[in-house]
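See below for the structure under consideration.
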């Protein structure tokens, strides 16, 4: 999967670890949660 930035990773991508996984359709898989709260974002940033 493609890494994405969770809200807990910090305000910017540069210098921060990306702990989420990008899911484009259907929301996050079972047992995962969306870790990205708001902002212009395509798909869902999911985390176990």
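Residue positions begin at 1 at the first shown residue.
Placed from the backbone N, Cα and C atoms, the Cβ positions cover glycine too.
Copied over from Swiss-Prot:
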| type | residues | note |
| --- | --- | --- |
| DISULFID | 4-45 | disulfide bond |
| DISULFID | 6-35 | disulfide bond |
| DISULFID | 28-46 | disulfide bond |
Rounded distance in angstrom between the Cα atoms of residue 35 (disulfide bond) and residue 28 (disulfide bond): 10
Provide the three-state secondary structure of residue 4 (disulfide bond) computed with DSSP. strand
Taking every protein chain shown into account, which of the disulfide-bonded residues 4, 6, 35, 45, 46 has the largest tally of Cβ atoms within 10 Å of its Cβ? 45
Number of other Cβ atoms within 10 Å of the Cβ of residue 28 (disulfide bond) across all protein chains: 18
What subset of the disulfide-bonded residues 28, 45, 46 lies within 10 angstroms of residue 6 (disulfide bond), using C-alpha positions? 45, 46
